[in-house]
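Notes to accompany the following structure.
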Amino acid sequence: MSTIDMTVVSGSLQTMIDARLDAIDRALLGRVSRQERLNVVGEVEGRIHELLNDRCGPGVEPSRDDVLAVLSRLDPPEAYLSEGPEEYATGAPVRTPPHHVVHTLAALDHGRFAQLSGILGLCSLAMSVLIMLSYPITIMLNNEIPLLAAGFGGGVFMVIGGAASIFLAILSRLSNVWAVVGAAAGCLSCLAGASCVLFLVSNI
């Protein structure tokens, strides 16, 4: 800001200008560095005197109406938080791109989801081995309880675990091999578990 930009302003009117500058300074306090804050306030003060000079003419002391008219052309103090140096000097409003709401899951680790999907899918599929082992035990004991317990319990676990594995694979966006294994094992687990439960229900 050069000296020719400075307009002579009476005490009461200077108080009005200082009040606006103080409001901008408070809005920026804690948000930007001290030097940046001083630069912003200095640029705005220079812009005020420039507008007064254009409105009243060189060497003419502005009136209260002149000062109010110039201050009304400035952005509110909080508007300077997102403005760059050029906008400070002109007082022009800033057009920033809208802030999109990002789902919390987008910030999570996809690799971890993929690994959990693979492990859970394999564990669910492995439950079919337990169900098959319950069959000879049922024959040896001549009791259907082991088969029914393993069949229903294992089948339900396979369906739930398989579905969870598929869900985790989707969350991971199939980011690696673990996710692919989890999705495939989850699908097989769901089919096998549902078939087992339906078979037992139809034969009870």
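Keep in mind that glycine also has a Cβ here, set from the backbone N, Cα and C atoms.
TrEMBL entries are annotated by machine, without manual review.
Going by TrEMBL, these are the annotated features:
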{"type": "TRANSMEM", "residues": "113-135", "note": "transmembrane segment"}
{"type": "TRANSMEM", "residues": "147-171", "note": "transmembrane segment"}
{"type": "TRANSMEM", "residues": "177-201", "note": "transmembrane segment"}
For this session: Please give the sequence-distant neighbours of the transmembrane segment (147-171): residues at least 6 beyond its ends with Cβ less than 8 Å from one of its Cβ atoms.
Result: 105, 108, 110, 113-114, 116-118, 120-121, 123-125, 127-128, 130-131, 133-135, 137-138, 179-180, 182-183, 185-190, 192-197, 199-200, 204
Exercise. Near the transmembrane segment (177-201), which residues from the same chain, at least 6 beyond its ends, have a CB less than 8 A from one of its CBs?
Worked result: 111, 113-122, 124-125, 127-128, 131, 147-148, 151-152, 154-159, 161-166, 168-170
